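Lifted from TrEMBL, the feature list:
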{"type": "DOMAIN", "residues": "13-116", "note": "domain 'Tetrapyrrole methylase'"}
{"type": "BINDING", "residues": "ASP25, GLY28, SER53, ILE54, LEU104, VAL162, HIS187", "note": "S-adenosyl-L-methionine binding site"}
Amino acid sequence: MCESYIDDILKEAQDKDIALLVVGDPLGATTHTDMLLRAKQMGVKSQIVHNASIMNAVSCCGLQLYNFGETVSIPYWTETWKPDSFFEKIENNFSRNLHTLCLLDIKVKEPTEESLTKKVRQYMDPKFMSVKEAAVQLVQIIENKSNPGIKKSSTAVGLSRVGSTDQRIAVKSLEEMQHLDLGPPLHSLVIPAPDLHPLELDYLEQFR
């Protein structure tokens, strides 16, 4: 939504106070960074109020933040589009003994394929990728690779509703994670490094 109305928002902000509420930290998305740059070009003053984010809240599972490598996003596959380039980044982190935080796809106000060629847009129901769905895609990628460093038996950490009173954390193999229901969104998945610190091992053990 931000991308669609950014010009209107900034024009209105030239003589009014406008607040933009976002999920996670405001500078976690390039869209918001772009908006700040454009605001400066237009002479619109801006103020950033930082927020909690999964980027640091992921440490609730006991994995140490400074042992995380590059974060990846796992997109929903379709019948005709099954990208797997993100897996290479997970493998790179794994080979360097770093954890990987996987951000799972969110579909909100997505137009249906049928309506793309029509004047009136129709939208799909909101959809939030689960840990289970992400694990299914990862296992399929592993099965299609000749000799991946990450196996179906590799450890994965599933997180849901982090920061809420009903947050859940589960530690399973990727293969087992395909069958795990962690309840309502939002979900995140972590692929831990192969060699963990003893404290990380002890902390993860309570979620098995």
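Note that Cβ sites are derived from N, Cα and C of the backbone, with glycine treated the same way.
Overlay of TrEMBL feature records on the structure.
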| residue | record | CB count, 10 Å |
| --- | --- | --- |
| ASP25 | S-adenosyl-L-methionine binding site | 17 |
| GLY28 | S-adenosyl-L-methionine binding site | 18 |
| SER53 | S-adenosyl-L-methionine binding site | 17 |
| ILE54 | S-adenosyl-L-methionine binding site | 19 |
| LEU104 | S-adenosyl-L-methionine binding site | 21 |
| VAL162 | S-adenosyl-L-methionine binding site | 19 |
| HIS187 | S-adenosyl-L-methionine binding site | 24 |
Grouping DSSP H, G, I as helix and E, B as strand, the residues of the domain 'Tetrapyrrole methylase' (13-116) number 40 helix, 13 strand, 51 coil
Per DSSP (three-state), HIS187 (S-adenosyl-L-methionine binding site) is strand
Per DSSP (three-state), VAL162 (S-adenosyl-L-methionine binding site) is coil
